[in-house]
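Per Swiss-Prot, the feature substrate binding site maps to LYS30, ARG44, TYR56, TYR142; the stated evidence is sequence analysis. According to Swiss-Prot, the Mg(2+) 1 binding site annotation covers ASP66, ASP71, ASP103. Taken from Swiss-Prot, the feature Mg(2+) 2 binding site covers ASP71.
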Amino acid sequence: MSLNNVPAGKSLPDDIYVVIEIPANADPIKYEVDKESGAVFVDRFMSAPMFYPCNYGYVNHTLSLDGDPVDVLVPTPYPLIPGSVIRCRPVGVLKMTDESGEDAKVVAVPHTKISKEYDHIQDVNDLPALLKAQITHFFERYKELESGKWVKVDGWEDAASARAEILSSYERAQNK
């Protein structure tokens, strides 16, 4: 089955499906799912010896301002394999700017049908302070050793901003 058949979610923007590209705490390898074939490609070996603090993926059938689908970080008790799909609920967004322009990273927690562990997290401020600090630290530094690349973290925004990011990106993809 092609991942193109995976919808953006069950009920946008509150109930989304995230296609995982990079497992949490994995080796410093940037994987990307090829949208046409569904194959997981090695995009690059990261120069900085760092690992993603959460599972990292995207929402299918969306188009962010950077030209890619909406990026999503998914905290889970266990790393998820690349190419897997998890049902989630957005709780916040980390706004950033990089060498390509505006770049937002939505944070979404597993849907209650997958795990009740995250039911109390309704907004980014409900996330553990240490997790937010780890995410910020990672994105401030993960491109430091890559020539011509840079990142500026602009700050955290709430669940409403995350939902708006998903909706506008979904509409942009539908209208392209």
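Placed from the backbone N, Cα and C atoms, the Cβ positions cover glycine too.
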If you measure every Cα to Cα pair among LYS30, ARG44, TYR56, TYR142, the residues listed for substrate, what is the largest value in Å?
15
Taking the Cβ of TYR142 (substrate binding site) as reference, which residues of that chain separated by at least 6 in sequence fall under 8 Å from it?
MET46, ALA48, MET50, VAL151
When the Cα-Cα distance from ASP103 (Mg(2+) 1 binding site) is computed for each of the binding-site residues LYS30, ARG44, TYR56, which gives the smallest value?
TYR56
Chain-internal residues near LYS30 (substrate binding site), provided their CB is under 8 angstroms and they sit 6+ positions away:
ILE22, VAL42, ASP43, ARG44, PHE45, MET46
Through the lens of DSSP with three states only, how would you label ASP66 (Mg(2+) 1 binding site)?
coil
Check the DSSP secondary structure of TYR142 (substrate binding site), expressed as helix, strand or coil.
coil
Give the distance between the Cα atoms of ASP71 (Mg(2+) 1 binding site) and TYR56 (substrate binding site), rounded to the nearest whole Å.
7
Which of ASP66, ASP71, ASP103, the listed binding-site residues, has fewest other Cβ atoms within 10 Å:
ASP66
List, in sequence order, the same-chain residues at least six positions removed whose CB sits under 8 Å from that of TYR56 (substrate binding site)?
ILE20, GLU21, ILE22, ALA24, ASP71, VAL72, LEU73, VAL74
Students should find that the Cβ of ARG44 (substrate binding site) has, within 10 Å, a number of other Cβ atoms equal to 12
According to DSSP, collapsed to three classes, what secondary structure does TYR56 (substrate binding site) have?
strand
ASP66, ASP71, ASP103 excluded, remaining Cβ within 8 Å of their centroid (Mg(2+) 1)
SER64, LEU65, ASP68, VAL70, MET96, ASP98, SER100, GLU102, ALA104, LYS105
